[in-house]
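Visitor: Summarising the annotation, TrEMBL assigns compositional bias 'Polar residues' to 225-239. Residues or ranges marked as domain 'Phorbol-ester/DAG-type' in TrEMBL: 3-51, 64-111, 126-177. Taken from TrEMBL, the feature domain 'Ras-associating' covers 335-434. Under the heading domain 'DAGKc', TrEMBL lists 524-661. Residues annotated as region 'Disordered' in TrEMBL: 215-239.
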Amino acid sequence: PPGHSFRRVTLTKPTFCHGCTDFIWGLAGYQCDVCNFMSHEKCLKNVKIPCSCIATSLVRVPVAHCFGPPGHYKRKFCTVCRKSLDSPAFRCEVCELHVHTDCILFACSDCRQCHQDGHQDHDTYHHHWREGNLSSSARCEVCKKTCGSSEVLSGMRCEWCGILAHAACYVIVTPQCTFGRLRNMILPPNCVRLYSRNFSKLHCFRISENLQAEPDEDDDFDGSTPGSTKDVQTSTDSSKQTLKIFDGNDAVKRNQFRLISVPRIAKNEEVVEAALRAYYINDDQQDYELQTFTQQALLSDDVINRNHALDDSNTGSVFRESTPDAWIIRAKPKDEEVIRIYPAWLKVGMAYISLRVNKDSTTQTVIKEVLPLLGRQTESIQNFKLVEVLMGSKQVQRMVLDSQELILNRLKDIRKTSIRQMNQTRFYVVENSKSVVRVNLFIGGLPPQLSAEEYTKILKDELAIKTNVVSVSHVYQAQGAVVLEISCFSEAERIYMLVKDTTVNDKPLTGVVIPEVMASKIPQNCCPLLVFVNPKSGGLKGRDLLYSFRKLLNPHQIFELTNGGPLPGFHTFSRVPSFRVLVCGGDGTVGWVLGALEEIRHKLVCSEPSVAILPLGTGNDLGRVLRWGAGYSGEDPYSVLISVDEADDVLMDRWTILLDAEEPAEGAENGLAEPEPPKIVQMNNYCGLGIDAELSLDFHHAREEEPGKFNSRFHNKGVYVKVGLQKISHTRNLHKDIKLQVDQHEVELPSIEGLIFINIPSWGSGADLWGSESDNRFEKPRIDDGLLEVVGVTGVVHMGQVQGGLRSGIRIAQGSYFRVTLLKPIPVQVDGEPWIQAPGQIIISAAGPKVHMLKKSKQKQKKTGS
């Protein structure tokens, strides 16, 4: 089987086969010495899964993974050593890779390719298979039997279209991937371009590093703490001994070793073999030797003058009483060897070319030999370069080799640094092309309403930008944001790192790396979904949703609102001919996104995208009205996306509220201060004056004092109740402190303590304030009728009865233009945001065009095609 070294082992505990997932009866099974793959004897001939030691060589396009901080993952298995993840482990934020902290160095760069970066770009997509960690109910697409298991790493899943298959079946699935059921919502990876070079993957996908759990950067945290190896407990058995093995100078510098346990009377070859396996290398042990770990051995390049204990004449037991317990494994020098040269896309259908090199071979001679084999013999070798690619799990590093470099010397140097790295290194022959560098950086938090020249000046002063390589490509004046186009990687990195610690007028700047969406390549029927998630909303469920949506869609279409707000997302999608929006958050978050959309609409090619809601907040009234539910309670994110795809387009009114305080704010001396300038706010759901706003304000203050307690909907509602009970004995005289005019007519107010303007038929977490009985005086309310309903409540008790469905409010008026005069300071709240408003005028009128919202459709439509 591919790359494995199986041997028969005696089973001491219940064991399952990684091939067929059935229990292995009896006492004997077959286990791979390198990757721990376990198999029945009968299943050996069907093993299709390659061993971890050759996984790197099978990668088509090297793409680094995106690891967040380590966490605890139950019932998941490590991709490298196939064992379960008990201790804290890493997972990739973009694909389903899970890996132990000390296996992370051996994982290869086989992540999903979510954008083009100038290396090996292509337009057809193949399935991106990942093994294991499927639910035990998963069914194979080919044979329709179950292929998942919660006991072992087994079963395959394509990380784009989600198709599932057995390891034995997936090889016959057609390689082309069509992105599955969500294909119309996915932003196709070949339409996204991002030149990222040294930006970490977290920066490229705008994933905020939550700093509490992040290991300290300076420790050069590489995942393998000194001496961490799960398998080897220091042997209590006196016939065995435990040795530290380093794989080269780099490991010695970082003090990263692997432990192996070998018999005290082991032969030299056995120890070398055990050492290679610990590093997931399946080469012939005769090409390697052990060198005692001493400083001078590191410094001397003299390979022959070795520790005498390893003299070839002494083939007996290596280990005498005085055996050192630390060794370095070294590759023996060779006079010639065979290397693989990868042609990238120069010749389709050819993975690599094997080439014999000797001590005279240079980069130039290798290119000369390779070109005829690619059918490019007529071309000048000056047009090509040889690139050395190190395919690490966290970073893919590329280095162009000098044309006179001796290839064997280069191989010797890599192996001396680390034989593990040699196993992850490839050589590509690449056509020289004019490489274009274009990094787009969004900078927010600047003072609003300035010109491009003024913004450039601020950035020159604060960030010392080099204007020969940095230009301002877009200006968003109202929001105080610009997009920079940078044609030099190091300058882009410098600005990005500096922005994090810069404030302008006491406001911190935000910097976001923005991908470029090539709108002309988006297929006709594709309407990608732009997803905004507020990770702070609704009991912190936002974090898990971010992770799920990045997996199900292209991570470039998922935006965290805490990282620069909605603008980076709308800017990224500004040239997309047709898209939809999904907002995950409370009503306040929805209002924020709709407000931003209103401001930037004129700069979007698709100026009226429809907006769906995944309610994460406490009230979620708009979510209820549009049938998205009272609050997200952990439904499968995949079915959420299907519902968005099948949702119906509806229109909704939005309202503008102009607040014009006539008197100066309180506390001004002698009343000579200027009155506050008029304030304009947008409203989607409702606007409350008096008691309703007062409760909201008290809740707001409580939340600001102890935000940590407010991470569950239940607790949040409990606080509302407590705040309300303290207000029961209020007197009812709001009607004496305000005057109301509806469509130019004065309206007499009854004796009330709260006045509420409602746009949608749900208030205060789902209560129907207007009531359902018909009334000759008023139209039946709708969310798109261009009218607001005005309702009064007599106090906290009345509000409680409305919430409980026992009564409705007092109907006062219905209209499209309102003027409220405040005679004294009164609490006001708009869509859950409360404040105290000074005496003056409040004018409410319809805002701009109606917005397109998505309403969850009632019946599940059966859509054909998986």
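Along the chain as shown, the residues are counted starting at 1.
Using N, Cα and C of the backbone, Cβ positions are placed for all residues, glycine too.
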Visitor: When secondary structure is assigned with DSSP, how many helix, strand and coil residues does the domain 'DAGKc' (524-661) contain?
Guide: 52 helix, 31 strand, 55 coil
Visitor: What are the DSSP helix/strand/coil residue counts across the domain 'Phorbol-ester/DAG-type' (126-177)?
Guide: 3 helix, 12 strand, 37 coil
Visitor: What is the number of residues in the domain 'Phorbol-ester/DAG-type' (64-111) that are helix, strand and coil, as DSSP sees it?
Guide: 3 helix, 12 strand, 33 coil
Visitor: Restricting to the domain 'Phorbol-ester/DAG-type' (64-111), what is the model's mean pLDDT?
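Guide: Averaged over the domain 'Phorbol-ester/DAG-type' (64-111), the predicted model reaches a pLDDT of 92.
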